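Please see the structure below; I have some questions.
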Amino acid sequence: MPLIELSGVTKTFRNGELAVEVLHGIDLTILPGEFVAIVGSSGSGKSTLMNILGCLDRPTSGSYRFMGRNVAAFDRDELALLRRETFGFVFQSYHLIGGASARENVEVPAVYSGMPPAERHARATGLLASLGLGERIEHRPNQLSGGQQQRVSIARALMNGGRVILADEPTGALDTKSGAEVMQLLNKLSADGHTIILITHEREVAEQAQRIIEIRDGRIVADPGPRPRSGLEPDFAPHVDRTSPLSDIVEAARTALRALRANIFRAALTLLGIVIGVAAVIAMLAIGDGAKQDVVDRISSMGTNLLTVRPGAPNQRGRDTTATLVLDDVRAIRDLPNVLAAVPEQSSTVTIRSGNADHRTSANATGADFTLARAWPIARGTFFGAADERSYATVAVLGQTVAKALFGDADPVGEFVLVNSIMFQVLGVMGPQGATPWGTDQDDVIFVPYSTGSLRLFGQRHLRNATIAVEDVAAIDDTQAAVHELLQARHGGIEDFQIRNMASVIESVSETQNTLTVLLGTVAAISLLVGGIGVMNIMLVSVTERTREIGIRMATGARMKNILQQFLIEALVVSALGGVIGVVVGLGAAAIIEAFDTPIVYSAPPVLLAFGCAFATGLVFGYLPARKAARLDPVVALASE
């Protein structure tokens, strides 16, 4: 059965409305094991015929059968499979991958057939050694002579068996000696049973073949016909496809890293865009989360289980509402379910003096349960009790700021101070509380019994506000409703008070801070987007620069998905490396910012989000260049410089 059979094959190239037919009704039969030379002058159509024979191109019309199968009906992947398993190409200009060693160039066809690394390393090394290149296995093409490069090309053609060797002007770029060595190799391969199809314009080279076919102006003008091979035909066992998704990905990643090393400066600039984007996202979100946590902590320090009742109708102005909340209201609230403590509060600015030191501060008249209601511990001494309230005792508890201002590091407990010229004895010092979210120093205060303060300091019985602590925070809304109902009933149905829920305040502030954090993250994400555009730009440049390499890989059996996968993974490798470095830089930047007393919160989600976005950026922005590479025409790609 014929190995190759062409019948009425034509090939027409179109450029807009202009059509040029370069092959006219080619009829050709080649038997297994033949050494055929196709000879013709430049422009005769011999290279176009070789491209069709090697499944790099398709005929415009006519029939092409390989071992009885209609090749014209094959899709691109089936043609790639046929090239990978059957054909080996030897090109005039060698077509070696510049950034790969001799061994790596030879291994390319085996990569796409799924041959395990150890096995293909051994086979490539053996082939190169048999061709006299055993000491130049790790040399790159620019370190080899023309004859040595052509021998590497022949070794590559034999890597997957090379049942059919297509040699396009294999001696055209060589000196006489190197050309003779290449022809000796081709004759030896023919003797070993390989089918050799030699394309040349030199008659003396063609005469070394067993059969000479002459082509002129796209037509075969001389062909003595097939010459059956004498003797037994060698056994070219069918290849077993050993490819797997994992091995494909690993090989694509190796190729990607090699490509990045070949253009290290450009790769670094591309990485920089991703690094800046990822680092900005992580640092910005850490700052935003830190600011949110700081505000929430400050509000929480005032109590998360608190309800605050203030006098005055909500959303109304111009009314005298200062006397609408009284002590009996607080006593009634204490009897409601889920109320842990309810304390009255009055306050005013006072001058407190000890010896020669005086200090302007806020005096807060409150109840004995204040520390329970506000969960504010005593640092030294004690807080006043119910007996002090009943007896109108002139006792006070100092905040940390006041104690420091009047007594320095000395212990003020038991000492006497003048508050607006009234003598008070210091019972204790409150624990540090810090500033409110609005910047007010909570430690710049003194506490006195409500009865004493209202009578001797403020001269009024109505309250500035009442603080209510609930036992079960989950039921705080129900408790708020009960307080509202109670006070409205006590005030004759008039809503002349306001109730503020600290849990709601925290929730509202958290939502606001979350919005600001998202805004910060969005601004930072724009940097990542710009980095992604940089990845796409560089990958498009890479595809353009490596067009010939893509053609070489297609000629040696790479399918569309292999090329797509290779360039997509290359983009992902760039993005992943940039993501990893960006995470480190982002965390480092956050740590530096934290050293300047800026609140920072480290958490895994922003890191994972930033890295995931970087990875997704590589996937999205790498797809278009990868798709462009995968859709290249092998013949056009090989012809690219």
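Here the Cβ of each residue, glycine as well, is placed from N, Cα and C on the backbone.
According to Swiss-Prot, the record shows the following:
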DOMAIN    4-242  domain 'ABC transporter'
BINDING   G40, S41, S42, G43, S44, G45, K46, S47  ATP binding site
TRANSMEM  267-287  transmembrane segment
TRANSMEM  516-536  transmembrane segment
TRANSMEM  573-593  transmembrane segment
TRANSMEM  604-624  transmembrane segment
Please indicate, using numbers and ranges, the residues of the same chain that are 6 or more beyond the transmembrane segment (573-593) and have a C-beta under 8 Å from a C-beta there.
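253, 256-257, 260, 267, 270-283, 286-287, 531-532, 535, 538, 600, 602, 607, 610-611, 614-615, 617-619, 622.
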Would you list the other residues of this chain near ATP - those whose C-beta lies within 8 angstroms of the C-beta centroid of G40, S41, S42, G43, S44, G45, K46, S47 - in sequence order?
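Going along the sequence, the neighbours appear as H201, I215, R216.
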State which of the following binding-site residues has the fewest other Cβ atoms within 10 Å around its Cβ: G40, G43, G45.
G43
Which residue, of the binding-site residues S41, S42, S44, S47, has its CB surrounded by the fewest other CB atoms within 10 A?
S42
Using DSSP with the three-state reduction, classify K46 (ATP binding site) as helix, strand or coil.
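Assignment for K46 (ATP binding site) reads helix.
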Might you list, by sequence position, any residue in that chain lying six or more from K46 (ATP binding site) with a Cβ less than 8 Å away from its Cβ?
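Non-local contacts for K46 (ATP binding site): I38, V39, G40, I199, H201, I215.
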In the predicted model, what is the mean pLDDT computed over the domain 'ABC transporter' (4-242)?
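So the average pLDDT across the domain 'ABC transporter' (4-242) works out to 89.
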